[in-house]
Amino acid sequence: QQLAKLEVELSSQLHIIREGDAQRERDQKEIEQLTNARDIINAQLVKRNDELAVLREKTKTLQSSLDAGENHYIQRLDDIRILKLEIQKLRNQATDRGQEA
């Protein structure tokens with residue numbers, strides 16, 4: 001009778017161990033899936049950061065070109081203003097000479 005009790009208890013304990021092993025396997029698979037997902041997301045993040053760095057560098061280069069172009073444009077506007085003043089001065093001189101004659 002005691003042997004039967006021990007067999008039942010052993011059977012019960014083996015069942016509990018099998019369930020624990022099965023749960024451990026499920027947990028291990030889930031950990032593996034989560035680790036793989038993490039690695040994929042990490043790789044995507046690194047790629048996006050690299051792309052962002054390239055875009056920032058391009059933006060910096062384009063902004064530099066834009067600033068240089070704007071400075072040249074302002075210089076040309078100033079040149080035009082000076083030339084207009086010179087033209088006006090020459091017209092005034094021509095008018096003055098015409099009136100003197």
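Each residue, glycine too, has its Cβ placed from N, Cα and C.
Helix, strand and coil counts from DSSP across the domain 'Cilia- and flagella-associated protein 58 central coiled coil' (4-93) read 90 helix, 0 strand, 0 coil. The domain 'Cilia- and flagella-associated protein 58 central coiled coil' feature in TrEMBL is assigned to 4-93.
Among the features that TrEMBL reports, coiled coil is placed at 17-44.
When pLDDT is averaged over the domain 'Cilia- and flagella-associated protein 58 central coiled coil' (4-93), the result is 98.
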